[in-house]
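Annotated features in TrEMBL:
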{"type": "ACT_SITE", "residues": "Cys109", "note": "active site"}
{"type": "ACT_SITE", "residues": "His245", "note": "active site"}
{"type": "ACT_SITE", "residues": "Asn275", "note": "active site"}
{"type": "DOMAIN", "residues": "103-179", "note": "domain 'Beta-ketoacyl-[acyl-carrier-protein] synthase III N-terminal'"}
{"type": "DOMAIN", "residues": "230-318", "note": "domain 'Beta-ketoacyl-[acyl-carrier-protein] synthase III C-terminal'"}
{"type": "REGION", "residues": "246-250", "note": "region 'ACP-binding'"}
Amino acid sequence: MKILGTGSYLPVNVVTNEALTHLVDTSDEWIVERTGIRERRISKGEENSEQAIKAGRCALEDSGLKPEDIELIIVATVTSNYVTPSIACIVQEALGIPKAIAFDINAACAGFLYAMNTARCFFASGMVNNALIIGSETLSKITDYTDRQTCILFADASGAAVVQRDENERFWTELGADGTKHDVIHCKQKPLNNCLVEGKDEIDYIHMEGREVYKFVVKEIPLLIKRVIEKSGIDIENVKYFILHQANKRMNEIIAKKLGVSFDKFPCNIEKMGNTSAASIPVLLDEINRKGMLQSGDYVLLSSFGAGMTWGASLFQWKC
């Protein structure tokens, strides 16, 4: 697999830490010290599918491919504005992609890596050659703005990549999940309420056991990254960038320290973006790609974790 193009879309509405101090008992200093976040983007009047379309269009334009070249569309999200159809089908229509396999997946913050590796399996099967993968979230719609543990973190954004089958790929990966930890981060479906079944007409919000997430991440993610690098046979010093899920800057600093790698090799945009779940990795990847920070032959490692618990890491060689 190789990446032909990247794209992203950020809502224009910026919510600072100072703005949140009017909603919950917090401060800019408290948030920055614990998370590294100073501001985040919150969608106003836009649906998740609209964001995904804009990010997908940017990636398609960057790739140089035509809409008819895309044979597979996968959208990773936990905040679809549709129960059905999938956002992928909405994207297909909007971008004028005539025929493609299209579906959404839910692997929370690890969703983009799950989508990327799913596309790679389609390539291996010989079914398709080109795919559009998108991570898109409107987490503000399921965030409780009276809960200071979560409302300081979550935000909205969409990121995308066009990927292509590559028989000469240099790509190593590991995905996993542990369902015994499914309640560490969760958000339940809106309770049923209709004329046949009595229920409560209210929506649930994201619930997170922050300490449990922290313990899991700082223990397991460095080990995961080490396993993938060992599988590749590449020296860790030869990995140019470690693009981690932007959940918490302090956790990523600990991961870098445990790997014995300078944090300079860990691009970071959480200060201005917050935690955008499945969108965080493709948004950051698009940012460094458009800044010209990637050269052909560079080794790049992506790693993420999310509700489930789900996790993944992929190491690959960037090709222009």
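Yeah, the Cβs are placed from backbone N, Cα and C, and that goes for glycine too.
Annotations in TrEMBL come from automatic prediction, not curation.
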Please give the sequence-distant neighbours of the region 'ACP-binding' (246-250): residues at least 6 beyond its ends with Cβ less than 8 Å from one of its Cβ atoms.
34-37, 109, 153, 213-214, 217, 268-271, 273-276, 280-281, 284, 305
Let me know the DSSP-derived helix, strand or coil state of Cys109 (active site), please.
helix
Just counting, how many other CB atoms are there within 10 A of the CB of His245 (active site)?
29
Provide, as an integer number of angstrom, the distance between the C-alpha atoms of His245 (active site) and Cys109 (active site).
7
Euclidean distance between Cα atoms of Asn275 (active site) and Cys109 (active site), Å:
9
Local confidence of the prediction over the domain 'Beta-ketoacyl-[acyl-carrier-protein] synthase III C-terminal' (230-318), expressed as mean pLDDT:
95
Sort Asn275 (active site) into helix, strand or coil using the DSSP assignment.
strand
Does Asn275 (active site) have same-chain partners at least 6 apart in sequence with Cβ under 8 Å from its own Cβ, and which are they?
Ile37, Cys109, Leu139, Leu153, Phe154, Ala155, His245, Gln246, Ala247, Asn248
What three-state class does DSSP give His245 (active site)?
coil
